[in-house]
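For reference, the structure is listed below as structure tokens.
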């Protein structure tokens, strides 16, 4: 039996904004386009949700519901950076990671030895680590299959988790509304209700041939989900565009020799290991370094390089240290590579 964790960040874009500007924490905010441009809301914080503001809502409607709503245009570089760090935390527990977007992912921890193999404890640790290292909260669902883990992650939001053990699956499905199954939208739910199908138990009692006749392939998927069947594996190639590793230091460092030691003894070996799991012996697009200073400002430096190269990374880090540190202590050191687009990589490899 598999152990699947679905991690979903809590109002992610808005949470990053509130973290970086605490004055926004208790006021209604939303990330989205302006009313003039007929934009839509990407996400809203919980104070805004109390007024009925929701994701995918037209901005004009959101402002009618909450006239004092603060609209923010979005800082996608900041969201991407936080997402990369979250993925790095996931990778401490398993290499079987399937990102669904910047703020959610599936993890298969079936064979992980962390926390004595307990997926529940791993989910707790992952959420706590995200809170400690990024000052953001996440919710999680734990189940033996993907779709149930995704449903479970929404049952104890925000900043909570819900476990569906294999023994609990039949009871959980008995009263589960079909509208909760990922992929069942409002239109499909209405069609199913017209047939008297509202819960998974209703589908369990129905004829598969009838479902196939009326809904085709979707009918089979619906029947399988209602039985608790979901054989999809983790697709860990999905959206994977970079590999990185970084360390937040217990004490600020001021000497380049300390930084070089961290890179050569800790970061580079770990980066090699992670890259080997994703793209062994294949080309990369760029590699680079990141330094964060004790005033919380940070800088990155990268350039085109076809293969992972320790000497080049050390030289890049030293140049960045000398030119941008300005006497400040360094509290975080990171290395990363940007992966080559698969189609371009294939063209280059075939041309060699």
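Here the Cβ of each residue, glycine as well, is placed from N, Cα and C on the backbone.
As recorded in Swiss-Prot, the features of this protein are as follows:
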type     : residues : note
ACT_SITE : 104      : active site
BINDING  : 8, 103   : Mg(2+) binding site
DOMAIN   : 4-185    : domain 'UmuC'
SITE     : 13       : site 'Substrate discrimination'
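Structural mapping of features recorded in Swiss-Prot.
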| residue | record | DSSP class |
| --- | --- | --- |
| 8 | Mg(2+) binding site | strand |
| 13 | site 'Substrate discrimination' | helix |
| 103 | Mg(2+) binding site | coil |
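As a whole-number mean, the pLDDT of the domain 'UmuC' (4-185) in this prediction is 92. For the pair residue 104 (active site) and residue 13 (site 'Substrate discrimination'), the Cα-Cα distance reads 12 Å. Within 10 Å of the Cβ of the residue listed as 'active site' there are 19 other Cβ atoms, across all protein chains. For residue 13 (site 'Substrate discrimination'), the same-chain residues lying six or more positions away in sequence with a CB closer than 8 A to its CB are 31, 42, 43, 74, 79, 103. The 10 Å shell around the Cβ of residue 8 (Mg(2+) binding site) contains 21 further Cβ atoms across the protein chains shown.
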